[in-house]
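Peer 1: After the structure tokens below, expect a handful of questions from me.
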Amino acid sequence: MTRHSSLSSTPCGSLKGTFKVPGDKSISHRSLMFGALAVGETRVFGMLEGEDVLATAKAMAALGAKIHRDDDGVWHVEGRGIGGLCEPEDVLDMGNSGTSARLLMGILGSHPITTFMTGDASLRKRPMGRVADPLAEMGAQVSCRSGQRLPLMVRGAATPMPIRYKLPMASAQVKSCILLAGLNTPGETTVIETEHTRDHTELMLRHFGAEVRVVQTKEGRETTIVGQPELVAADVLVPSDPSSAAFPTVAALINPGSELRLPGIGMNPHRNGIYITLKEMGADITLENERTEAGEPVADLVIRASKLKGISVPAERAPSMIDEYPILAVAAAFAEGKTVMHGLGELRVKESDRLSAVANGLKACGVTCEEGEDFLIVEGNGSAPLGGGTITTHFDHRIAMSFLVMGMAAQQKVTVLDAEAIDTSFPGFATLMNGLGAGIS
Ligand SMILES: O=C(O)C1=C[C@@H](OP(=O)(O)O)[C@@H](O)[C@H](O)C1
Ligand SMILES: C=C(OP(=O)(O)O)C(=O)O
């Protein structure tokens, strides 16, 4: 797809109102994949209808699941059972979505079928060796383009072997890939992580009836899946996405006089690092009606404009807010003092090299910052930065939304190139924000 539309945001004054943030992307992907592997009909309420999740839906349908959306917006997935996926007739196009590609590779790795997979220009640059290597240990054949990139071919193992695998990097996608390959593997497959990444795969596999054990040992957090269970269809209630909610949250914090209410935001403790960090910076964010919905903690967020101060964000918090550093960097540009962020190496292999995309964007808006191999330091002076930049997003939705938020409160408008990338995770972002008082056009 050719993408070339730009959007600009202008200083807008206070934002007010209640905002229904779309469904969680990680949970939406998994509901379609696990529904396709379950016996019976899974219903998904509140699914994110962004391009990334729709790429997963299309792929699971090409693998034999029956998927449709009813008139009330509920998605129905009729599964094939573990081991029951059929060989797709054509190449699977995972679009912009690393989660779709890597989790699906795990599923395919233990199905005795051959599948070809590709993605857009951004996804074709991202590393796939991190999943191809453990899948090869389990007996799958994965042939990638040079540099372990997409397009690639997965020939699933006819007799997959369980492994015990220590993750070389903090990645929920790699962890999930191996656990999903373990689903159709006899015996027990174990993944060890030294940093605790998001645990939606573990929680949701249990919800669908699989046995997943987690123990903490001196090696790290060990997650074991018992192979070849029968997954049973289940209803999934998708909470609103805390990663998407971070954009209106920061927009409200930096626009004096703002007050926003964001109902039903997922508050999984391995996803909420941005809210802890913003509060440490002095943000007025209140959690109301804290509750558990379908196994996930959820709360209504009330956000009021606040004076922010720079802080040092601990590196070990990075996995719980890995997608939120671009918008945190924007918040830091409005804060008083230095915000120091460490442990950001993984940002270099997302939809873009987010570390340099953020640093370049901040500089284009007159913000002083220092980019290191795996750190970023942003210097704010407690007032609105100059703005006025034109931002290269590299088709990265989070870079696009972050700098549109910057333009809402900077001194001059900010223009973001290739803003259509926003539809991958947050369709309707500009319309929803404008409904609260933003000026995005
Ligand atoms: O498992 C998931 O749903 C995700 C894991 C993270 O990626 P990594 O596992 O590469 O850190 C995150 O950046 C991505 O947006 C979604
Ligand atoms: C990194 C992201 O997603 P993915 O890896 O699925 O492309 C993201 O949404 O910020």
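Every residue gets a Cβ built from N, Cα and C, even glycine.
TrEMBL annotations: computationally assigned, not manually curated.
Just lifted these from TrEMBL, have a look:
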- Asp323: active site, proton acceptor (ACT_SITE)
- Lys25, Gly98, Arg126, Gln173, Arg354, Arg398: phosphoenolpyruvate binding site (BINDING)
- Lys25, Ser26, Arg30, Ser171, Gln173, Asp323, Lys350: 3-phosphoshikimate binding site (BINDING)
- 13-430: domain 'Enolpyruvate transferase' (DOMAIN)
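If you look at the structure here, what lies around each of the features I listed?
Peer 2: When secondary structure is read from DSSP and collapsed to three states, Asp323 (active site, proton acceptor) falls in the helix class.
A helical conformation is recorded for Gln173 (phosphoenolpyruvate binding site) in the three-state DSSP classification.
Of all Cβ atoms in the protein chains displayed, 21 besides its own lie within 10 Å of the Cβ of Gln173 (phosphoenolpyruvate binding site).
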Peer 1: Among all protein chains shown, how many Cβ atoms are found within 10 Å of the Cβ of Lys25 (phosphoenolpyruvate binding site), not counting that one?
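Peer 2: Taking all protein chains shown, Lys25 (phosphoenolpyruvate binding site) has 24 Cβ neighbours within 10 Å.
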Peer 1: Give me the long-range Cβ neighbours of Arg354 (phosphoenolpyruvate binding site): same chain, 6+ apart, Cβ under 8 Å, in sequence order.
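Peer 2: Residues satisfying the criterion: Tyr325, Pro326, Leu347, Arg348, Asp396, Arg398, Ile399.
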Peer 1: Let me know the most crowded of the binding-site residues, choosing from Arg30, Arg126, Lys350, Arg398 and counting other Cβ atoms within 10 Å.
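Peer 2: Output for this query is Arg398.
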Peer 1: Looking only at C-alpha atoms, tell me how far Ser26 (3-phosphoshikimate binding site) is from Gly98 (phosphoenolpyruvate binding site), rounded to the nearest Å.
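Peer 2: That separation, Cα to Cα, works out to 11 Å.
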Peer 1: My understanding is the cutoff is Cβ-Cβ under 8 Å with a sequence separation of 6 or more in the same chain; which residues meet that for Ser171 (3-phosphoshikimate binding site)?
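Peer 2: Listed in sequence order, they are Arg130, Thr197, Glu346.
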